[in-house]
Amino acid sequence: MIRYLSAILFALLWLGGENVYAAQSNLVQTPHVQARLVADHDAISADGSIKIGLFLKLKPGWHSYWINPGAAGEPPHFDLKISGGSAKIGPINWPAPQRLKEGDLTAYAYNGDVLLSRKTVIKAQKDISIKAHAQWLVCATICVPEEGDFTLALPLFSQPLEAQKETVLFKQAEQKLPQPSPFRARLSSDGKLILEGEELSPQTISQAYFFPEESGFVNPDTLQNLRLSKGKLSLSLKADSSLKGPLGEKPIKGVLFLKDVQGQESYLNITTEKTLSSFKDAKTQKLGLILLFAFLGGIILNAMPCVFPILAMKILSLSHLKDAERRERQKSAFYYTLGVIISFAFLGAVLIILRALGASIGWGFQFQSPYFVAAMGWGLMLLALNLFGVFHIGLGRLGVRLGTIASHNQALEEQTNKTHQWQEMVTGFLAVFVATPCTAPFMGVAIAAALSHSAFIGVFIFVVMGLGLALPYILLANVPRAVNFLPRSGAWMEVFKQFLAFPLLATSLWLLWIGTVQVGPHFIVFMTTIAICLALAGWFYGLAQRNDAHGGKKNFSRFCYGGIVMALGASAAILVFTQGSVVPDGGLREKINATSSLPSGWETFSQKRLEELRNEGRPVLVDMTASWCITCLVNERVALKSPSVSKAFKDHNVVILVGDWTRRDTEITQYLNKYGRDGVPLYVYYEKRRLSAKGEAKEKSFGKILPQVLTPSSILAILNHPS
């Protein structure tokens with residue numbers, strides 16, 4: 001009853017005009033400015049969110065300043081002290097500024113009325129008293145520093161009560177805030193701010209200007225020359241004289257002003273990509289160090305889970321070479337290495353060319369195509385059938401040579417020896433393409449460097465990486481004592497060869513799952529139907545091989561070859577008629593997310609959400625992953641979701657932001673590039689940040705990059721000893 005009487009009394013006071021409780025504070029009036037502290041609520045609830053702002057009404061001819069005042073000036077600021085409960089005060093929301101010329105100097109300023117708001121979450125225990133001390137600088141022909149003290153009282157009600165007049169004021173201020181940018185932004189070391197997006201062209205944009213959020217980076221007094229081409233905008237910026245080092249060494253935040261050809265103006269928040277990595281610019285590192293990283297990354301790639309199915313077959317192939325002559329071993333290693341190098345050079349060249357054409361892709365990009373995923377699945381299935389003995393294509397020493405222990409296959413072995421060189425090269429091709437879902441330690445640095453150098457050096461770096469992958473095979477072929485560690489060949493190899501078909505079938509099943517995540521459930525029908533047709537073609541091929549090897553009837557072989565043609569024709573027909581349905585249209589991942597949620601403390605990555613959490617001071621772990629990245633999945637199972645790490649995340653109040661790169665995602669690619677990476681996994685940990693009295697983070701940390709292979713102990717060490 002008392003609550004209702006209080007509500008009626010407050011309403012009467014509120015309607016009466018000036019009162020003790022109101023969404024406006026006392027007025028501070030100077031010859032140049034009228035200033036108030038305002039809120040968007042007349043009353044608050046026990047646990048709620050309100051907006052509190054400093055409202056400045058400037059007289060004509062006078063102006064105040066933005067967060068970065070430009071060549072001269074000081075931005076306004078105000079501290080809030082709230083009694084009657086606990087409060088979490090957010091940063092100041094700065095409306096978009098205007099450019100003002102003051103002689104030869106350029107200022108970033110506000111004319112007329114300006115509202116600087118701060119979102120505040122309050123847990124009230126009683127009526128709230130809000131006190132603020134504000135300082136601001138106003139200028140015309142002269143500049144006058146001013147200040148004021150404000151008091152605002154809000155009662156505690158069971159339900160919050162909006163302030164009608166002030167709510168309109170806050171909504172008008174929100175319309176002046178810069179909006180999130182849809183464009184990719186990067187800053188080169190020669191001072192060019194480059195934005196990429198389909199909407200950018202000379203036919204759509206007439207003017208552009210960049211307001212840097214922090215002073216000391218960009219000289220505000222120099223002209224920003226605008227260049228436009230289809231899909232790209234470029235502004236020439238000049239580094240401030242106080243800046244040590246080139247522009248682009250650190251990401252720069254700011255507001256981009258755009259004016260289209262119809263005269264419509266817009267202001268966009270942008271953060272440039274970190275074009276130089278946190279340790280050094282990739283271009284300035286010594287080439288020898290980069291090549292060493294590439295070589296080491298290739299070696300370590302042999303031990304990554306992506307290549308486990310192929311690694312076992314390579315060991316089996318090497319076992320056969322134990323009894324071979326050294327020259328034969330060297331020849332085998334040479335052609336296998338050649339296949340690896342050609343594959344790495346091909347993938348590197350394609351990646352470099354597509355990146356030069358503006359595509360937002362990285363290492364393992366081919367697995368973002370459902371057609372490539374399906375083709376890899378079919379190829380591995382056919383290789384499994386080959387190991388089972390359904391037919392023989394002699395992959396390296398794995399096909400016919402390992403399947404010819406039985407005497408009836410001797411003729412087929414002699415036939416296959418003629419194409420042994422090609423077979424070893426194909427083994428190298430397969431090893432590289434199966435390995436691409438993984439990024440081994442050192443590879444991230446090497447790939448980033450390859451993409452930042454010239455095309456020739458970039459491809460050469462990929463070639464060195466291939467040499468690292470082939471190194472174990474080269475050593476076993478050229479070091480006599482190394483061969484002694486291999487088991488002797490024998491009848492057991494035929495059984496083991498067939499056993500190796502099962503990991504390949506499991507990998508095909510994994511690829512089926514990846515395609516389903518990318519495209520949707522109909523991918524299962526598409527891939528399995530063609531797989532049946534290809535398996536039928538392989539079976540016919542095996543029948544023809546055995547018939548020819550035993551001198552059977554030619555008509556039977558012709559019948560088998562006809563069956564192959566029909567099966568392959570059916571596969572091609574299915575591929576053509578289902579082409580429109582095998583596209584990444586959202587896939588299963590969105591359907592899963594629509595009906596289920598991530599574990600507690602895990603959220604979907606977005607740059608906006610990351611900035612929100614950082615502004616709140618929360619510790620954040622960014623997990624860049626993909627369904628086709630086996631290293632990512634192993635890290636998630638072994639480390640990120642282990643009981644001890646999950647408990648530590650909860651105890652330290654860590655938010656995990658998951659970026660899924662299974663399908664192409666420009667925002668994730670930009671984030672990877674920001675840290676000098678072109679593939680997943682990438683793990684970045686942002687420590688808990690201390691907040692100032694203004695509610696703004698004191699530290700501007702860039703984030704700590706974690707190892708690409710995680711263990712529970714490595715994560716716990718960073719959480720318990722972050723610095």
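Glycine residues also receive a Cβ, built from the backbone N, Cα and C atoms like all the rest.
If you look up TrEMBL, you'll see 287-312 (among others) marked as transmembrane segment.
Here TrEMBL flags 333-357 (among others) as transmembrane segment.
The feature transmembrane segment is assigned by TrEMBL to 369-391 (among others).
Remote same-chain residues near the transmembrane segment (428-451) are listed as 277, 282-283, 285, 290-291, 293-294, 296-298, 300-301, 303-307, 309-310, 314, 335-344, 347-348, 351-352, 355, 362-364, 366-367, 376, 379-380, 383, 395, 457-459, 461-462, 465-466, 469-470, 507, 626, 628-631, 676-682, 707-709 (criterion: CB distance under 8 Å, separation of at least six residues from the stretch ends). The transmembrane segment feature in TrEMBL is assigned to 428-451 (among others).
The transmembrane segment feature in TrEMBL is assigned to 457-479 (among others).
TrEMBL lists 499-517 (among others) with the feature transmembrane segment.
Summarising the annotation, TrEMBL assigns transmembrane segment to 523-544 (among others).
Nonlocal intrachain contacts for the transmembrane segment (556-577), taken as residues 6+ away from its ends with a CB within less than 8 angstroms of a stretch CB, comprise 526, 529-530, 533-534, 536-537, 540-541, 543-544, 547-548. Annotation source TrEMBL lists transmembrane segment at 556-577 (among others).
What TrEMBL lists as domain 'Thioredoxin' is 577-711.
Taking every recorded stretch in 369-391, 457-479, 499-517, 523-544 and counting its Cβ pairs under 8 Å to the transmembrane segment (333-357), the highest total belongs to 457-479.
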